[in-house]
Amino acid sequence: MTFDSANASKPLSVVLAGGGTAGHVSPLLAIADAIREKRPEAAILAVGTPSGMETRLVPAAGYELATIDRVPFPRRPSADLVKLPARLSGAVRQARRILEEARADVLVGVGGYVCTPMYLAARKLRIPIVIHEANMKAGLANRVGARFSNHVAVAFAGTRLRGARHVGMPMRRAISGLDRAVAAPAARAALGLDAQRPALIVTGGSSGALSINRAITAALPALAAAGVQTLHITGNGKAVKDDDGGLLTADGYRQVEYVDGMENVYAAADVLLARAGAGTVSEVAAVGVPAVFVPLPIGNGEQALNAAPLVAAGGAVMVDDKDLSPEWLRSELIPLLTDRSRLNEMARKSEALGIRNADQRMADLVLEAVSA
């Protein structure tokens, strides 16, 4: 089969690969939206796994989703390592079939389990590959894919990938276009927060963070005494209970398991306390939210690396998970929450580092790859 992007008899065909977590799916969808805005006639297909968040998020955004088998790469010798060649070969065949049926002009990968077989299949078919790496420390799939691509983009300036261009993190327009000052009153009303009291919003991500939950709940009396109101996004199935097994309640404290639309959170918060996933760090910087980051203490340390530039610039504070305690919250967080001058300075420094138009930059890179 011959792939000819100059063929005017068919619209541009773009295949975007990635998934497993919202950290992969959100930028993928932002890139898709920006491509559709620039090229409304484009045929856009997303590729993910059968069990990731993409199975819900991609169709909800109005895009078609194809799936291939999930092929994790074992990090140490195991039975899975022995099975890897056969599994990878099968996934590459699936990927090739998808690309051929889509008559793809370009493959865009954002990382995750599906990307390695998609990159390998696209290389065999001589389809241009465009890569976006979200984390400061590049994942394995994108390190492999970067060897086959002349169009590599990164969210963080310090990410080490061959030939990488710093474009920022593609994000939803509701976030990238957010004016916090204008949106704050409506956002606070929507989240059940008082319009005047300092607001701390706490989240551990979609799966929650037990260590954060414990520290915050133990510090609630001190937070309330300082006049601080707390919205606690606990994570699905992670509701905080009291000693009698009921939902914990306290003065100035409200908990929810999930918030649909982080733009309201960013607009309403005086301080956000959160993990340091690449998406969260990038969104916080783009819209200028003062933040306290508690990097996930497992994995390859990528969350601390994600947050480091923003912390160094003075736009955020970072505390190790092991050091997050009620005492730290009383001695460090409460003085921050009640210091309006410092919060304004953090917001200014944060926004100066952020990038709001990464989706447009990525769409331009995709179109550049097609025309190269």
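Each Cβ is built from the backbone N, Cα and C atoms, and glycine gets one as well.
Over in Swiss-Prot, the protein carries these features:
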BINDING   Thr21, Ala22, Gly23, Asn135, Arg172, Ser206, Gln303  UDP-N-acetyl-alpha-D-glucosamine binding site
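Non-local neighbourhood of Thr21 (UDP-N-acetyl-alpha-D-glucosamine binding site): Gly52, Met53, Gly112, each in the same chain, at least six residues away, with C-beta under 8 Å from its C-beta. Cβ-based crowding with a 10 Å cutoff singles out Gln303 as the top-ranked of the binding-site residues Asn135, Gln303. The secondary structure of Asn135 (UDP-N-acetyl-alpha-D-glucosamine binding site), as reduced to three states from DSSP, is coil rather than helix or strand.
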